[in-house]
Amino acid sequence: MAAMLGRDEDPVGALSGRVSLASTSHRSLVGASKSFRDVFMPQTDEVFGRSERREEDDMELRWAAIERLPTFDRLRKGMLPQTSANGKIELEDIDLTRLEPKDKKHLMEMILSFVEEDNEKFLRDLRERTDRVGIEVPKIEVRYENISVEGDVRSASRALPTLFNVTLNTLESILGFFHLLPSKRKKIQILKDISGIVKPSRMTLLLGPPSSGKTTLLQALAGKLDDTLQMSGRITYCGHEFREFVPQKTCAYISQHDLHFGEMTVREILDFSGRCLGVGSRYQLMSELSRREKEEGIKPDPKIDAFMKSIAISGQETSLVTDYVLKILGLDICADILAGDVMRRGISGGQKKRLTTGEMLVGPARALFMDEISTGLDSSTTFQICKFMRQLVHISDVTMIISLLQPAPETFELFDDIILLSEGQIVYQGPRDNVLEFFEYFGFQCPERKGVADFLQEVTSKKDQEQYWNKREQPYNYVSVSDFSSGFSTFHTGQKLTSEFRVPYDKAKTHSAALVTQKYGISNWELFKACFDREWLLMKRNSFVYVFKTVQITIMSLITMTVYLRTEMHVGTVRDGQKFYGAMFFSLINVMFNGLAELAFTVMRLPVFYKQRDFLFYPPWAFALPAWLLKIPLSLIESGIWIGLTYYTIGFAPSAARFFRQLLAYFCVNQMALSLFRFLGAIGRTEVISNSIGTFTLLIVFTLGGFIIAKDDIRPWMTWAYYMSPMMYGQTAIVMNEFLDERWSSPNYDTRINAKTVGEVLLKSRGFFTEPYWFWICIVALLGFSLLFNLFYILALMYLNPLGNSKATVVEEGKDKQKGENRGTEGSVVELNSSSNKGPKRGMVLPFQPLSLAFNNVNYYVDMPSEMKAQGVEGDRLQLLRDVGGAFRPGILTALVGVSGAGKTTLMDVLAGRKTGGYIEGSISISGYPKNQTTFARVSGYCEQNDIHSPHVTVYESLIYSAWLRLSTDIDIKTRELFVEEVMELVELKPLRNSIVGLPGVDGLSTEQRKRLTIAVELVANPSIIFMDEPTSGLDARAAAIVMRTVRNTVDTGRTVVCTIHQPSIDIFESFDELLLMKRGGQVIYAGSLGHHSQKLVEYFEAVEGVPKINDGYNPATWMLDVTTPSMESQMSLDFAQIFSNSSLYRRNQELIKDLSTPPPGSKDVYFKTKYAQSFSTQTKACFWKQYWSYWRHPQYNAIRFLMTVVIGVLFGLIFWQIGTKTENEQDLNNFFGAMYAAVLFLGALNAATVQPAIAIERTVFYREKAAGMYSAIPYAISQVAVEIMYNTIQTGVYTLILYSMIGCNWTMAKFLWFYYYMLTSFIYFTLYGMMLMALTPNYQIAGICMSFFLSLWNLFSGFLIPRPQIPIWWRWYYWATPVAWTLYGLITSQVGDKDSMVHISGIGDIDLKTLLKEGFGFEHDFLPVVAVVHIAWILLFLFVFAYGIKFLNFQRR
């Protein structure tokens, strides 16, 4: 909610016009002439007068006592009426800083009786109070002069993000940076030399078709333009340029994209926002207001006084502002429900859109720029919100621009001014009343039953313009946007605007509270506390993850202590120390790896952070520090669990001092790891890149830690990297703590090593320090790394921006582009013309069976949310649908309408069989036969509200893929392709055929383009019954009209189509044949025909006593929703659901349901010989085809994979340079073993980690496609694995060539092929392992935790840390159950297992290499064929589990 008060330090400081948009009670400000009794006490007989006067005197005394308080205390005290035990209303003193929820609720009930009616009066009371004492309200006038914005794009096929293009584009960018190659990017102009004035106290509507530049204009005015765009021109606020104030705090930009933490409730999100944005100058205002009222003897209304004082108190965890915003945005009903996300059930899309609006309204900004705030909202809700905005603008003198896609006529009438934007040019800017006159000036007229807003968005379109030509005596000629724009300057409104520009704004008139000069709304300490509280809340909501991590490290410590049991751990010799080395290294790995989950959490929270950072909610350090500080206790707990369980059971040095030193070392390592992963997450910014960078960093850190390869064996040119590795300091600290203990002080008899004791020999053999003070140096170094990584984390948050963008790409070039556009235009014109009243265009009708759908007494329940139980709501189930009945018939277009939260999508999900949880009751029949979901999926289509598509394929490929799998086998390829082309033409997708779909809000298609693709994907399936959930949501009026014409054409072919729809215009609403209207609570209140011009609908509701008549020209859809709101029901004491159930219309509806629930004579139930439209092999082929193109165009995944492969190969080659040529002593063999271990484990782990985010994105698409009956899970699994194997094969080839040559292995064909084979199969099973875990867990965060747990086990039992013969007998079986152990067996044995050389072993002497491998490690060369076969078995096992997981597990909650 906007601030009610001004923004400056000036005590007179000015009332900001934006208080809550909530209403007040019917009494307001009370002047000196009224007493408190006049406000609250009813008039009574004289017999009670004396006692009432005593009460009044008491009230006056208490108010006087408040006025005598010091200013600081006085502004925190208020008086609120309370009902006493005897039923009397009494004023009670109350501390406004400690308002309980019941107090806020009580005040809300007094101020807000009916929001729709009382809001204006409430705002006037607030304004009157400040006007009465002469406090001036600040105003902001925004001017933009000659603004042009342009951006760079790549042209033609080079814009597609294939691996080849990304490589080429990267090389070009590097060469271009050094001016060695001219840039091949093209400039596109988004805004073209536009100028205008946005005035306070006038609400401005911004209209324009998609890609017209609306969002760019709003972002430019708000000072939030993308850094990659170039802007010229001048923008001023009250004559001041951006450098003179802080635009992000002076104004508020409300984005199209709904980014919120799904773990927080609606109220918590708004409270946090209000807390960070601050109160502006409300406190100074209240101080001055209170002083002036005291001087003039004015006693304010206690309710108004309490409200204004409460919202003026800074630093509150929760504010009344939140309660008011919840009320006026209609979010009070879901205030305590989680926002939700992709995998977590939460509020609806419309409610989330309102939450995005509310998040900025709770702040004190004086100018508001709102970008498409009505997406997903019904027309009634949009109207109410815009009405509140209008009251705010007019009463409080706020500056406001609102961009809307499909404003209904009544909503359009609320605006004062219009800015019409098209092709980056302003066609019209000025009063709404003159806009039709302007177009009549050009010869165009708006039809009678056409919304003006719809007309304005279509009249500039070449495809739609001609139908509005009104000068019949003159031939029509297309009037271009440039012609309109230039003609506006000669129109009287344009001339007036030009004359206003000639007079510069007088800076001296700028109110001191108008422009904000402080960067943040509250103090640094308050910002830190707010972020700290939120971080603690998020940790509690994600407690499962932290509990899971704790359980994981507990289990792992129990396993470790049984592997390295102290009875098996001997002390005193060098060979005994080797086993302790393995135990300490593994412990270090686990404590460090347990912090890997921090990387996923960081990436997950970045989108919300970037939004709030750019809006100046808080500085980056305030976001980063709580995440660091709150993890310190967790580090202590995890380190304590590990040390407590393993230290003495393994048999480390027994003294208490060394125990606590070891605990300190592990704690520091864990803190360093958490800090490192947070930093890497902020650097990577996406799951794939972060996982790649994270795994690569771990590889370097671990390899150079001193255990895998000794320091003395590292080449001199890599020594610096050894000292840069944090792992080295952790490893040094723990091994020094152990081996400098007295029990390792046996004298050393090996003269080749200059050391006095066995402990020093163990340290020096691997290059560790032996001086005791190095332990503390290492501790300080680890803490220093932790501080450094946290500092880098803050810097990354401060300076890096999110990856990905939504810029357009030029798909065609030159003449080809023009031809393509012409073809698309001509086809569309033909379609639009042919879909007129002369008769529908049926086009190519593929064979299908017309089907009806009837349902009755449908009830749907979900388990009661814990948040609602916490609020005192009783019951175990929450009912969302209540006795819903209806029928959908072939050739009949049915609208499913209701306010947000009425249950429209819920009903559609139930009918379509898309619900994955909850409890369903009732009957559903298809053409008289009980619905069978398997066959129903074959004959139905479902256009979901959320446009879910594979992001890395093109539009054409998406449609071909859908048609390929869903059309029957008797339709040949040519017919199928022609049908796809026709559908693309119907939905106007031909110009976008080669565009990448992309991720919503990140890249690729815009919202409206994505919506049209969703519809086309279902239409190409040729379904008999089509469900469309909000098909026009997010579309402008013209795009919505195109979509609805497509829908109408579909219905005219005899199909059954039902659409939920939020905000239909008159012509769209009246294109429907029948209506099913629902009210909040999931009850039907109308089901029947609309009639001509909605006559039957209007007659039905007007016949209800008390319902106001519809006005001429009013949208029947909006009127219908307005008169059936809960507040109207309450006012008229009606229940529309009860009225409907007692009506003749209900009885006719029941008769229809009964008829359609009975099979017609001679009919047969829908039956298919096979479950799926295509055969198993075709499904596999089609899925592989899509996955092939998806992977080819996913450079973030595959380009990074190959880059990391090359970098890791080269680095390992340098670290282990020619290590394979030396097998003279035990350390040489350990180094080679370490090289093979690192080469397999780390790149394999990288594959397993990076594949999971890619699988997570595709899994969401898989859920939709599986529900649509496109394919079985097995072909999908096989195809995805096949594509991965293809890339793994190439990856292994690159890696093997680099590594094999640099580490110095023998160049024989057999050994090279064995090396390649084991590397390839290991990379495949690692990748499949990551895919398998993704299929078995709800999200990739949990999958990542599970992966780190099992990788730790694989690491422990790989045979490197503890050879198989030394593993206790009770754990030896798990060695054979560890894939990495088999790979190391194969690699080591194939490379050196056939050598006859001798190896020197300390304390033993020379021994034959084959004997050493057999007795020391359990390796035999003759066992290689078995090892090779087992690798295939691992691959098949993981493939089977992956397929099983995606087939039987569904983590989507609907």
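Going from the start of the chain as shown, residues are counted 1 onward.
Glycine is treated like the rest: Cβ placed from N, Cα and C.
Annotated features in Swiss-Prot:
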DOMAIN    175-448  domain 'ABC transporter 1'
BINDING   Gly208, Pro209, Pro210, Ser211, Ser212, Gly213, Lys214, Thr215  ATP 1 binding site
DOMAIN    526-739  domain 'ABC transmembrane type-2 1'
TRANSMEM  544-564  transmembrane segment
TRANSMEM  584-604  transmembrane segment
TRANSMEM  623-643  transmembrane segment
TRANSMEM  663-683  transmembrane segment
TRANSMEM  689-709  transmembrane segment
TRANSMEM  775-795  transmembrane segment
COMPBIAS  812-824  compositional bias 'Basic and acidic residues'
DOMAIN    853-1106  domain 'ABC transporter 2'
BINDING   Gly898, Val899, Ser900, Gly901, Ala902, Gly903, Lys904, Thr905  ATP 2 binding site
DOMAIN    1178-1392  domain 'ABC transmembrane type-2 2'
TRANSMEM  1199-1219  transmembrane segment
TRANSMEM  1231-1251  transmembrane segment
TRANSMEM  1312-1332  transmembrane segment
TRANSMEM  1342-1362  transmembrane segment
TRANSMEM  1367-1387  transmembrane segment
TRANSMEM  1423-1443  transmembrane segment
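Features per Swiss-Prot, on structure.
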{"residue": "Gly208", "record": "ATP 1 binding site", "Cβ neighbours (10 Å)": "25"}
{"residue": "Pro209", "record": "ATP 1 binding site", "Cβ neighbours (10 Å)": "22"}
{"residue": "Pro210", "record": "ATP 1 binding site", "Cβ neighbours (10 Å)": "17"}
{"residue": "Ser211", "record": "ATP 1 binding site", "Cβ neighbours (10 Å)": "16"}
{"residue": "Lys214", "record": "ATP 1 binding site", "Cβ neighbours (10 Å)": "25"}
{"residue": "Thr215", "record": "ATP 1 binding site", "Cβ neighbours (10 Å)": "22"}
{"residue": "Gly898", "record": "ATP 2 binding site", "Cβ neighbours (10 Å)": "27"}
{"residue": "Ala902", "record": "ATP 2 binding site", "Cβ neighbours (10 Å)": "27"}
{"residue": "Gly903", "record": "ATP 2 binding site", "Cβ neighbours (10 Å)": "26"}
{"residue": "Thr905", "record": "ATP 2 binding site", "Cβ neighbours (10 Å)": "23"}
Using a Cβ cut-off of under 8 Å, list the residues of the same chain at least 6 residues beyond the transmembrane segment (1312-1332) that approach it. 1239-1240, 1243-1245, 1247-1252, 1255, 1280-1281, 1284-1285, 1288-1289, 1291-1293, 1295-1296, 1300, 1305, 1343, 1347, 1350, 1379-1380, 1383, 1386-1387, 1390-1391, 1424, 1427-1428, 1431-1432, 1434-1435, 1438-1439, 1441-1442, 1445
Sort out the sequence-distant neighbours of Val899 (ATP 2 binding site) for me: same chain, 6+ apart, CB within less than 8 Å of its CB, listed by position. Asp378, Ser380, Thr381, Lys1079, Arg1080, Leu1121, Thr1125
For the transmembrane segment (623-643), distant same-chain residues with Cβ under 8 A (at least six beyond the ends): 528, 531-532, 534-536, 539, 546, 549-550, 553-554, 557, 587, 590-591, 594, 598, 602, 609, 612-613, 659, 662-663, 666-667, 669-671, 674-675, 678, 790, 793-794, 797
Quick one: do the transmembrane segment (1231-1251) and the transmembrane segment (544-564) have at least 3 Cβ pairs under 8 Å, skipping pairs fewer than 6 apart in sequence? no
My understanding is the cutoff is Cβ-Cβ under 8 Å with a sequence separation of 6 or more in the same chain; which residues meet that for Ser900 (ATP 2 binding site)? Gly330, Ser348, Gly350, Gln351, Arg354, Gly376, Leu377, Asp378, Thr381, His1062
Counting across all protein chains shown, how many other Cβ atoms sit within 10 Å of the Cβ of Gly901 (ATP 2 binding site)? 24
Starting from the Cβ centroid of Gly208, Pro209, Pro210, Ser211, Ser212, Gly213, Lys214, Thr215, which together make up the recorded ATP 1 site, report each further residue of the same chain whose Cβ lies within 8 Å of that point, ordered by sequence. Leu421, Ser422, Asp1036
Given the transmembrane segment (544-564), which of the listed stretches 663-683, 775-795, 1367-1387, 1423-1443 has the most Cβ pairs that are under 8 Å apart from it? 1367-1387
How many Å lie between the Cα of Thr905 (ATP 2 binding site) and the Cα of Pro210 (ATP 1 binding site)? 26
What residues elsewhere in the chain lie close to the transmembrane segment (1423-1443), defined as a C-beta under 8 angstroms and at least 6 residues from its ends? 1273-1274, 1277-1278, 1281, 1314, 1317-1318, 1321-1322, 1324-1325, 1328-1329, 1331-1332, 1335-1336, 1379, 1382-1383, 1385-1386, 1389-1390, 1393
Averaged pLDDT, computed only over the residues in the domain 'ABC transporter 1' (175-448): 87
Quick tally over 175-448, 526-739, 853-1106 of CB pairs under 8 Å to the domain 'ABC transmembrane type-2 2' (1178-1392) gives the top stretch as 526-739
What are the other residues, in sequence order, whose C-beta lies within 8 angstroms of the center of the C-beta atoms of Gly898, Val899, Ser900, Gly901, Ala902, Gly903, Lys904, Thr905 at the ATP 2 site? Ser348, Asp378, Thr906, Met1078, Arg1080
Nearest recorded site to Lys904 (ATP 2 binding site) by CA-CA distance, among binding-site residues Pro209, Ser211, Lys214: Pro209
Between the C-alpha atoms of Ala902 (ATP 2 binding site) and Pro209 (ATP 1 binding site), the distance in angstrom, to the nearest integer, is 30
Using Cβ atoms only, which residues of the same chain lie under 8 Å from Gly213 (ATP 1 binding site) while being at least 6 residues apart in sequence? Val149, Ile190, Leu191, Leu421, Glu423, Gly424
In angstrom units, rounded to an integer, how far apart are the Cα atoms of Thr215 (ATP 1 binding site) and Gly898 (ATP 2 binding site)? 29
Determine, to the nearest whole angstrom, how far the Cα atom of Gly208 (ATP 1 binding site) is from the Cα atom of Gly903 (ATP 2 binding site). 31
How would DSSP class Thr905 (ATP 2 binding site) in three states? helix
